[in-house]
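Before any comments, here is the structure.
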Amino acid sequence: MLNVPSQAFPAPDSQQRVALGGRSKVPLKPGRSLMDWIRLTKSGKDLTGLKGRLMEVTEEELARHNKKSDCWICIRGLVYNVSPYMEYHPGGEAELMKAAGADGTDLFDQVHRWVNYESMLKECLVGRMALKPTVSPKENCPTISEENRILNGIASKTPVLDNGSKDIIPSYDWFQTDGSITVVIYAKQKDINSEGVIADLQEGKLRGEIIVKDHSYLVHVELSNEVHEEMTVQVSEKVGKVEFVLKKKEALFWKKLGQPLEGHNSFAKCTDRGLHYRKCKLLSKSNVTHDTRLLCLKLPPGTHLKVPVGHHVYLKQTITGTEIVKPYTPVSSSLVSTFKTPSHDDEMHLYFMIKIYPNGLFTPVLDNLQIGDYIFVSNPEGTLIKSQLEDVEDLFLLAGGTGFTPMAKLLNYALTSSSYLRTVKLMFFNKTEDDILWRSQLEQLTCNDERFDVQFILSEPKKGWTGKQGRISSSLLSQFLKRSKFDSKIFICICGPVPFMEQGIQFLQGLGYSCKEVHCFTA
């Protein structure tokens, strides 16, 4: 998800691309779907042109392959011949050509770093970049010194990365009793949010991560001895301390915590950390509409994961031997029932509202999963910050189709947690009445809370529809975006298909709204 980045909207020709993360889909030719690409990679055809040979690629050699018919791109030190993939790329050939003959890691991370390119492009692998012995490799993450690789106490101080991270580099310690091990992270700042703590205890390995502004601190160890699979996570928000309490299986004295794993005791930018997945069990599946399902997943017993309002995760499944990853925003289990008391997330369950596309690759697989099957779920990502909503008086939500999903928990949070809120208005665009998600619950919510109102807009209404119809437009928005008082503080959120977002942002710009008043949900 990407928030609009400056005080004024950019010029119309570039504004939509900035707001939507520099990404838009292009129509693909028939026979160029993701499934068609997977079939091609399984066909045995030589997609690299090297007849199965891998090579070391110098910068000079990489630069020579910069044409559409001969296009090599480097991503994190691996070089791929992407020419065969050109016609299958959802973002179009022009996007790939921006990194032709060069290192495309930064461009890739800006657009879709969550995609498992190693799986998608494994048959296009040319080789690795040749290392330059005279140049020291850049270290993204400071790590513990060699003498402290046995984990027996407080970690040594790590150097400051940059001016933005001074004085906030966390550290950790551990202690034990006869029955437990407690790992403590000292965040070095107050008001640590429990949503910024992500922990997994799996197969004797502890991975504990805390988010400090735009950085991530990680404790990642293979434990010395066996522990039970459950873990207690205690967050002392006011003092900036996080504790992971593990139960020993045997009352043994541990001489050390364990052995360090990848990224242990490192402090890095969140965008450099990479995504971590855990297996979640499918507990239930129900119909929301004729083509949309509500899936309930249960987190593993050793996982602490709270998805912040407006943030998304990635679901991952292996399909015909290729790992496919798609972003989804968790929703509440229900709209109406959750508004009786201030918002409290069910810490062990995640709910996803997913539209099934019969000719798609990913969603039919999700739809065919049986109760008890597993889905891999990533750490959360997103840019919406709750403080953006603190003193908002009028909240306007613009949703197209399943773009409603980030609005569900946002509605919950706003109506139960904001003391300034006067009105919350949702304009919900769909094709037909049958496509409206949670219509009865939304209508019930208007009765339960006088601050809330919803307008349904249909683009292809059936005969007898008496509500508004059409597509997103400047005239519809100008009627909808009415302040509760002349100088009230407003906030507008928009989510939906890319054309819907692009048009909506353009109309909002034309109506004079600044980027500080608008948040775009994208992934």
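Just so you know, glycine gets a Cβ as well, placed from its N, Cα and C.
TrEMBL entries are annotated by machine, without manual review.
Of the candidate ranges 1-23, 208-230, 369-391, 438-460, TrEMBL annotates residues 1-23 with the feature region 'Disordered'. Taking the domain 'CS' (167-258) as a whole, pLDDT averages 92 in the prediction. For the domain 'CS' (167-258), residue counts in helix, strand and coil come to 3 helix, 55 strand, 34 coil, using DSSP.
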